[in-house]
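Per TrEMBL, the features are as follows:
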type	residues	note
ACT_SITE	B:ASP265	active site, nucleophile
BINDING	B:ASP91, B:SER92, B:GLY93, B:GLY94, B:PHE95, B:ASP145, B:GLN188, B:GLY215	substrate binding site
BINDING	B:CYS303, B:CYS305, B:CYS308, B:HIS333	Zn(2+) binding site
DOMAIN	B:13-363	domain 'tRNA-guanine(15) transglycosylase-like'
REGION	B:246-252	region 'RNA binding'
REGION	B:270-274	region 'RNA binding'
Amino acid sequence: MRFAVTKVCGGGAKARAGVLQIGGSNIETPALLLSTRKGLPAFISRDLLASLPLPDSLLLHVCPTHFMDGPPSKTISNIGGLHHMLGLPDHILIAAAGDSIESLPTSEASNKFGASFETPAGRRLVKPSDYMELISCMKPNLWASLADEVPAWVTEKRNRVSVERTLRWLDACIALDADFGANTLGVVVGGSSIEQRKLCATEVAKRNVSGFWIGGLGLGDSPEERCSILDAAVGCLPPEKPRLVSRLGLPEEVLEGVAAGIDLFDSTYIYQLTMGGFALIFPIDMVGKKMDNGALNNSVGDFTKINLRATAYRKDTSRIVDSCSCFTCQNHTRAYLNHLLNVHEMLAQILLEIHNTHHYLCFFRLIRDSIKSGEFDGFRQQFVQDRRAHLAAAVM
Amino acid sequence: MALRFEVLGRFNRARAARLTLPHFTCQTPLFMPVGTQGTIKGLTTDQLEEIGCQIILGNTYHLELRPGSRLIDDLGGLHKFMNWKRALLTDSGGFQMVSLLHLADITEEGVTFQSPVDGKPMLLTPEESIHIQNNIGADIIMALDDVVKTTITGPRIEEAMYRTLRWIDRCIAAHKKPDVQNLFGIVQGGLDPVLRDICVKGLVERNLPGYAIGGLAGGEDKDSFWRVVAQCTAGLPEDKPRYVMGVGYPLDIVVCSALGADMYDCVYPTRTARFGTALVPEGVLKLKQNAMATDERPIDPTCPCMVCKKYTRAYLHCLVTKDAMGSQLLSYHNLSYMMRLSRDLHMSILEGRFPEFVRGFLRIQFPKGDVPKWVRNAMVVAGIDISECCAKCPRDAMDAPGTDIPELCPPTNNKEHIPCKR
């Protein structure tokens, strides 16, 4: 794996564009990791996945903990690792233990032996040795060490303990790693404490890791705090290695992360939109241009997304987004999606996940373009402003 | 008439044909997946094309309920609404009435039922059913028939058969688009050959584009089932398609094709997929079994579908019944299997190797030679020698108790039937 920053931008020159050379592909950053369930997107099978923008859609976030009741390690090894088992040999699989849907960190059950996660199969305690057994049979392209992520409201003591454990487990994971950390992302925790964040980041940076994963955000920290937490953590990290963050999913959150110097984002925003019957429609050709598709007539959306369950779409034969080249928009209408949602058909989620993924990947392209042209700050400001203006207009 | 049916090849009663419909030219025998609510559960239209689906079914009852046939018509018909470019077939709505609704009551006027939306009494007449199907716009539409369970006996069956004939005239009169939609009549009559014969003759008189054999696949014993199919296919015109409704299991499709049927539909392949069962040449593979958890083989090594080329039983085992992706992948495979079966039937008849195909099929499904008696009986009538697939003498099968229908049995060269010694 090789990573290089190609351009810095923005106030404080923290936002950066880069290139990740990994698994035979060159992935430009900032980039989005698509969330998965047992390694595959929730609804997009591999043949449909191939229709999404490339190489952007190659990046997948996989959770080893999804496989704790799944095929035994030996079987996974025999099949040849995760890439082969999933039928996705060219994809970039980045593993981390927790996610926001099927592997929720339950810090109150974590202890000195391992981290606890709430999974569909119940609560599971994962020790570094268990975790590394999964990692070694799965052979993801990159993997985050096992961390003790805690929500923002824990005591100072608990927070300190989480930092100590995370560092200890990082060392344990690297020690068990056949590649000695060459594909490891060290996790930085520390809750809402600036001091702990800096401490953790500094310590992780000393280890032989190839990148960093900012964990513990999106677990109760307020948006106001987040900015300073990110700055504190990122400030202590070397600039030449990539940084990932979890649970910053909304467009504004992503922009905030980019501004702080994050390169890769793992979020379940798309999944949550899809399950709610929402389709993204905010403009991705150029921020500031008028909304197309009669979006101004939408009384059932907030100009970022529309809720296709609404009866307003029963006879709407237009595409979700006129200019969108995704499979869903090229083949189906809002009316059909409305029908599918109303009769609880699986195809609704398939089509929505395709569109939402496509749309959000295009958003990331816009971000990259704005950094490369040196206009990220302006882009971010305009985007947030437009969004607020529409919200204000909707209220009146 | 908005179709053309050309028989391209035969083996005794079995036929391989080209069925040209307004939206697509199909090869029969063929299986039609059921897309109840305007979608095959979990698959896109692209995937269906890739798998090789030629015709899919829509359910009139469900589509009229949601989103409504009027809306579908306003938006240009079901093809456009769901973006399916190939052929569509809609059923009459009658079966759902009877099978889904507790208070369905059948009178001469039509089927009265309690609306599932607001509980008001509603009526589905032949005219209304055709009107709805005209709105939906499928290539093939089905007449409203008076369906009775095959497990029922008594005068009700006769009543239903005669009513079906009266209703077909009302359907024909109500049909507004005979130039682009083909109205198929449905043969009823329960398991009674006399009633079936009357119904067949009555429908054939009406000179419809195609005919369905209805009232089966509802729990009747297999021995009765094949005899009704055999009788109906013998009586229906050679130059029109024959559709056995609600069939089904691959074995049933092979037998019915041998007896001269062309089209089939069933929810079985997709429904069983959602329960974690895969269709394989040997029969079924239940992926939820513990043994599958470490099985590194594909579902079926002979299957060329994406699922079998890329995934192992072990991985699918952890997906099925738990994740939507499991349903999708298994449905994809099961429909691929059914499409391959359809293709194999068509090509083997066309290429003059149908008996070999049937023997190969039975050998894999019944490696111990325990081919069921009803299959053996049916193959005698179909004129296909499957003795090498059977552990016991197939001729013994004809001694089994059951209705004797001499006109179904092909003439034999043997003057004497010598039962095998056991």
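The backbone N, Cα and C atoms fix where each Cβ goes, glycine too.
Counting same-chain residues at least six beyond the ends of the region 'RNA binding' (B:246-252), those with a Cβ under 8 angstroms from any Cβ of the stretch are 214, 216-218, 225, 264-266, 268, 279, 337-338, 341, 361, 365, 375. Across the fold, the C-alpha of B:GLN188 (substrate binding site) and the C-alpha of B:HIS333 (Zn(2+) binding site) stand 33 Å from each other. Rounded to the nearest whole angstrom, the C-alpha distance between B:CYS308 (Zn(2+) binding site) and B:GLY93 (substrate binding site) is 36. Within the set of recorded positions B:PHE95, B:GLY215, B:ASP265, the entry lying nearest in space to B:CYS303 (Zn(2+) binding site) is B:ASP265 (CA atoms). For the recorded positions listed here (B:ASP91, B:ASP145, B:ASP265), the lowest count of other CB atoms within 10 A around the CB belongs to B:ASP265. Cα spacing between B:GLY94 (substrate binding site) and B:HIS333 (Zn(2+) binding site): 30 Å, rounded to the nearest whole number.
Note on proximity: of the recorded positions B:ASP265, B:CYS305, B:HIS333, the one nearest B:ASP91 (substrate binding site) is B:ASP265, by Cα distance.
For the recorded site, the residue listed as 'active site, nucleophile', the DSSP three-state label reads strand. Broken down by DSSP into helix, strand and coil, the region 'RNA binding' (B:246-252) contains 3 helix, 0 strand, 4 coil.
Packing around B:HIS333 (Zn(2+) binding site) is summarised by its Cβ count: 27 other Cβ atoms lie within 10 angstroms of its Cβ, all protein chains included. One way to see the shell of the Zn(2+) site is to take the Cβ centroid of B:CYS303, B:CYS305, B:CYS308, B:HIS333; the remaining same-chain residues with a Cβ within 8 Å of it are B:PRO298, B:ILE299, B:ASP300, B:PRO304, B:MET306, B:VAL307, B:LYS309, B:TYR332, B:SER336, B:TYR337. Among the binding-site residues B:CYS303, B:CYS308, the residue whose Cβ has the fewest other Cβ atoms within 10 Å is B:CYS303. In the three-state DSSP scheme, B:GLY94 (substrate binding site) falls into the helix class. In this structure the residues listed as binding substrate are B:ASP91, B:SER92, B:GLY93, B:GLY94, B:PHE95, B:ASP145, B:GLN188, B:GLY215; their two most distant Cα atoms lie 16 Å apart. Long-range neighbours of B:GLY93 (substrate binding site) (same chain, six or more residues apart, CB within less than 8 Å of its CB): B:ASN59, B:THR60, B:TYR61, B:GLU64, B:LEU124, B:SER129, B:ILE132, B:LEU144. According to DSSP, B:GLN188 (substrate binding site) sits in a coil region rather than a helix or strand.
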